[in-house]
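What follows is a single structure, written as structure tokens, with notes after it.
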Amino acid sequence: MDSSSEAPLLLSRGSEHKEVPDEAGGKRPWWREAAEESGRLAALAAPMIAVALLQLLMQLISTVMVGHLGEVALAGAAIANSLTNVSGFSVLIGLACALETICGQAYGAEQYHKLSLYTYRSIIVLLIVSVPIAIVWVFIPEVLPLIGQQPEIANEAGKYALWLIPGLFAFSVAQCFSKFLQCQSLIFPMVLSSMITLAVFIPLCWFLVYKVGMGNAGAALSVSICDWVEVIVLGLYIKFSPSCEKTRAPLTWEAFKGIGSFMRLAVPSALMICLEWWSYELLVLLSGILPNPALETSVLSIWYASVEL
């Protein structure tokens with residue numbers, strides 16, 4: 001075994017003022033070791049930050065474009081975003097987080113073929129879970145008035161959520177692809193796909209919202225289309241890139257086995273993500289029952305999008 005694999009990952013107590021042995025048997029200051037480790041962490045963190053910012057920019061741009069349609073349209077989009085996040089996207093992201101654990105273990109153990117197996121299995125699970133979520137979204141116009149939302153805002157929210165459904169299934173696949181690449185420290189394709197998606201989204205959203213006249217439904221359709229663009233870009237990279245040569249494998253029936261063990265890990269992960277996320281989204285939902293819901297929800301949605309960015 002390589003001697004570097006036996007070295008401790010963290011410096012022991014009191015060693016911050018001592019020299020650290022290097023691979024050649026010499027010694028070098030502890031601060032140089034810390035600086036190199038910080039550089040390696042930054043090399044991974046910086047692209048992930050870029051991916052998050054690009055994705056949040058898409059949501060902010062969507063909010064700005066819908067905001068020019070009026071208070072009711074913006075309030076409907078904000079309510080729909082919050083409800084779809086609570087009932088759908090947060091659940092899928094939480095379930096996909098289980099893939100980080102099992103793929104990371106397989107990659108570290110050099111069981112590269114299992115990465116594709118686990119990824120296929122998670123895609124199957126997330127697509128199955130997406131079906132009841134989509135059914136719930138269809139009935140959002142009927143559900144929202146039951147919790148005190150105004151009918152006109154509920155109708156706008158229903159239109160927005162309905163056009164998000166095609167992207168729901170793409171979102172499930174994209175989350176699994178991203179975890180597959182992230183576990184191999186392949187961050188650049190995620191940055192590239194986010195840049196391409198944003199470049200497509202801006203003119204497409206403008207065209208559908210204003211030129212076609214779809215209103216806030218056009219913004220939702222733009223999100224759905226761009227979710228599929230992201231899936232295509234990531235899928236092409238995984239299919240043809242030499243970086244994934246060891247880890248990609250064809251779909252087999254084995255992917256349909258072990259779903260129960262995957263869910264035992266995925267459900268607690270989803271609960272952890274959802275409980276934190278829902279606390280913020282509930283603020284937007286509750287703003288819909290205030291005395292002036294269109295104005296209050298619109299203002300809160302703009303604030304929330306800005307804070308996220």
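Don't overthink the numbers, they just go from 1 along the chain as shown.
Backbone N, Cα and C define each Cβ position, glycine as well.
Automatic prediction, not curation, is the source of TrEMBL annotations.
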Per TrEMBL, the range holding transmembrane segment, considering 73-99, 262-288: 73-99
Tertiary contacts of the transmembrane segment (160-177), as residues 6+ beyond its ends and Cβ separation under 8 Å: 76-77, 80-81, 83-84, 88-89, 92-93, 96, 99, 119, 122-123, 126-127, 129-130, 133-134, 137-138, 140, 216-221, 223-228, 230-231, 234-235, 238
